[in-house]
Each structure stands twice: as C-alpha cells, then as structure tokens.
Amino acid sequence: MTRHRRIRRSLVAAALVVTGAGLGAAASPAAAENGGSTEYTVLAADNVGTRDAVAAIERAGGRVVERNDAVGMFRVTGPASGFTDSVAASPKLTGAAHRTPIGRAPAPRKSDVEQEAFGPTAATTPAKAGPKIAGMDPLDDKLWGLRMVRSDLARTVTAGDRRVSVGVLDTGVDASNPDIAANFDWKLSRNFAKDIPEADGPCEVASCLDPVGTDDNGHGTHVAGTIGAAANGFGVSGVAPNVSLVELKGGQDAGLFFLEPVVNALTHAGDAGLDVVNMSFYLDPWLYNCVSNSADAPAAQAEQRTIIKAMTRALTYAHLRGVTLVGALGNNHEDLGNPRTDKSSPDYPDGAAYDRPIDNRACLDLPVEGPFVIGVSALGPSGGKSDYSNYGTEQISVSAPGGFARDFVGTPSYLSPGNRILSTYPKKVLQEKKLVDADGNVVPAAAATVFKECTADGRCGYYTYLQGTSMASPHAAGVAALIVSRFGKPDRAHAGTLTMAPSTVESVLTGTAARHACPEPRLRSYAAEGQSPEFDAYCAGDERFNGFYGHGIVDAYAAVTARNVER
C-alpha cells in the first residue's frame, strides 16, 4: 500500500487501539450508534488459561478469531456497543481494545523530523565526508555514523556472524536491494500487519497481507540497512554487515503500529530464537499510555491499561527467551521523566486529539518505557544531542548517531543532507515521492539526497537520508548483534544459531560505551538552530551517566574487544 503517515517516533509501536466509542473527547463512531459488530484485541487476566478466557469472551458476546497463547491475547469479533464494558466486568479478562480503525483515515503527511528538508528541496552542500577505508563499501564514506560507533574498526575483529539474527520490527523490509538480500532470512521473516484499507489505502493483494520482503513505507528498510547492510563492495554497509536480518512487519504501510501485530511479532521473535529486536516506533494512537488519566474517558483508560499489560507480557516473553530489546527514545524533544502535556493523542482519526496532562508516575511511552528495553537517544555528526531527540536520566540507556539536519549552524553544512543518516530505501517509495522517475533514475533535483547503485547483473539498490531516534536505535542494535556474534554461545534450543543473555549483552553495550559529559552550559538552547524555547533541554547527570548520552555513545570496537565477558 502507498498511503504515508509520519512515524513520529520513527518509533515503538503503536497500540492496536484506535478511537472508538467513548475514547477521550472524540465523538462516538457511527458503528457504535447503529449496532453491528467490530474487531477487538482482548487480553486474559493474569493466570487465566485459554479455555476459561475463551468462555468469558463468549459470555461477553464475542467470538474468538485468532489467539496468541504466549501472552493470553485474542482477536475477537464482538458487538460494536457494550462489548468492552462486558469484558471489563469479567474477572477472567483484563480488558479489550478496538483492533480496527474507526472513522476516516488520516491525511498522508511526511515526518517533520525524519524528512526535514527531504528530497528536491534539501540543501545540496554535503557535510565533510570521512576518509576512504579499505574493505568498506562505495557509499560508506558518507556514513559518519559508522565511524562514530567505530563499526569500521570493529569489523577487523568481527563483522558479525550469520548465526546471529536481528529482528526489524517495523513497516517491512525491501529484500530486493542487493545490500539487504545478501543477509535476509526468508525462513524466519513474517508479516503480522494486515493492510487496513481505511488507513493504508486499497489492498494490493487479495489477502491484504503484503508479501514478506516488501516495504511500502520505507522506514523499516532504512532501519534494516543501518543494522546489517552487507559489506559486499556495493552501496553501503551496516554496523553488523554479516548478521542475518529478519523482517518482523508489525507496522502498517501508513506508519501506524497497532498492539496486536507488535505483540505477535515479539512473541515470534522469542519463539524463533532471535537475538536482537530493534523497535523504532511508538504505539498508536496514544503517545503515552496511562493506567489512569482524568482527561481520558473510562473506555480510553481501560484500553490503555490493556495495552500496557499486553506489551509488558510480550516484552517480558521475548526477553526471557534471549531477545535483546532495543528501542528509539522518541522524537518529541522532551524529558521522558518530566513529560509535557500530550496534545497529539489520540492521533487517529484526524481531529480526535485533545490535551492530556501526563503524570509520569501513571503513564508510559511504549515500547521504550516497557520492561527490558534499551532506550537510545539521537546524536548529530558533531556529537551533540539532536534537537528533536527525547532525553532524560529515567529511561535513556545509551546514545547513537541519529542525524541532525541543523547541526553545524553557521557553516555550509547546516541543513545539508550529509548531516543525516544514509541507508537503504525502496525504489517504489522514492518513485511515489517523485525522487526517482518511472525508469528508475534519480531525478536531477534529488541528486544530493538519493543514490542508485547497480550490480553487474543489473540488480539495483536505492539509498537516501533520514534522521530520528529511529535511525539511532539501529546503530545500537547493530552493536548488540556484534556483541552476540563475538561472545555468544551455541543455542541448544535453536540449532545452528548463537545466543547470549540479554542482560549480559546490555552490560557489555553500556559498559563499553564511550563516556560523554553534559555540554556546558547544561541547559542546551537550540535557538541558534531556529528552534523555539520548547526545544531547550537540560542535561542532568555526570560523565558516567547523564540524560543526553546515557552511559555513553555506543562503541562497536570497544564492545567486541571487551575483556572478561560472561559467556
């Protein structure tokens, strides 16, 4: 599908909740007023078995269509009116969330963060390229992020191991790009996000389930390339260019991330023996899910509690099965320990949002504030915190290159494409953006932002720049994959693969990160870069740990040369 909507957090995963009857200040949908049925995601109460949960769902008037026994989650068809109240009244069930969008689709719009000055309107003065490095790919001199995390040096020790699998929980992965194809795991890859015409546009296949190896949004392909584009003398290389890439499509083509596909992707990751999962998104439609919030209607509160519990179960399930979870800290330029009033939720359908004061004690930005998730902030090529990046000592773990278009203010590099992150991108999406023509050629106006590379046998790959904590997180995920490649041991539960305790991976990742002190003065203003005082950010902490850098900037070389690592 081809409808596009911004992934504000270039980010973890949108809850499968969409505004329905009684959600916040939005008007009740016609479906609820006129009766009929709709689909829900229902969660069983703690310690309630499948049989009892199904019976309770049926007593509430629902019919189970599909289930995920790993976390007690059910896809249910039920009455459009009154069903959530019946579920809430059952001691066997935690709650229900609307599974399908109700109302009009949001208007397509590009990300104001990720694609700032994107495409033909971008400045064409490139940032200073790094030196050519033996063994690196042709476009790697544009990848300042690889050098910042010292992936180039790390590959003299290990470039990754094919037995290590990294899940890209995102909008899909375009496996036709030769840089992706070389490392793509077709056997383990799955699409969990069925197209929703109201959000994504008309289905392109009869099943509305896009084939594995495709990405009609572009976000997931960009993330995948940063993690593990092959070092094959072609295009770009990733942080861990020899690991296996697994598509976990949990996001819609429109960029929405709903609860059910994300939970199913996480439990599959645990069952399949994946080593690392990258999550560069947040759960729609709520920027923050709250266990209680007086600004929300009772139905909205119940749905958010269901989302929190379901995500907690799924993240815990994956962690306990050896999956290291890495998540983007978010692009809302706020301290996650002291969040501002949420003016953007619910973000679906358009016009439903209302002001929601956020109590940090009761609200979570998911998935990054969920259990066991390594939170990553974004840096620009100068090494400073990107203006858009969230921060704060409460949730940050490490920092990594995410791009900062406004870096180097006052120099020719200000707003240059090279200040962002270059990675793989689908031709189809570039054509929709009119950056590539019908013949597959980059249009002249996009020559500074889009690149085409072709193999001798005529297979071509495309590359472009994005920025965001979505681009920072895969740098950290790539380093995590290198750690498992270097120190992991054979996985007895999954023959032919490696495994490593996520707690140990995190310990090595944070313990070898390059320490970085707060800037002076600690209150960083971005006024010179053209931003309002809302972007001002205070850096708390010391060099060992602070709100901008966490434990430091991820360092691939230091990680793979660490000593006394528990195996």
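Just so it is clear, glycine is given a Cβ too, placed from its N, Cα and C backbone atoms.
Bear in mind that TrEMBL entries carry predicted annotations, made automatically and left uncurated.
Of the candidate ranges 94-134, 381-421, TrEMBL annotates residues 94-134 with the feature region 'Disordered'.
Between the alpha carbons (Cα) of Ser470 (active site, charge relay system) and Asp170 (active site, charge relay system) lies a span of roughly 10 Å.
A Cα-Cα distance of 7 Å separates His219 (active site, charge relay system) from Asp170 (active site, charge relay system). Within the set of active-site residues (Asp170, His219, Ser470), the lowest number of other Cβ atoms found within 10 Å of a Cβ is recorded at His219. Taken residue by residue with DSSP, Asp170 (active site, charge relay system) is part of a strand.
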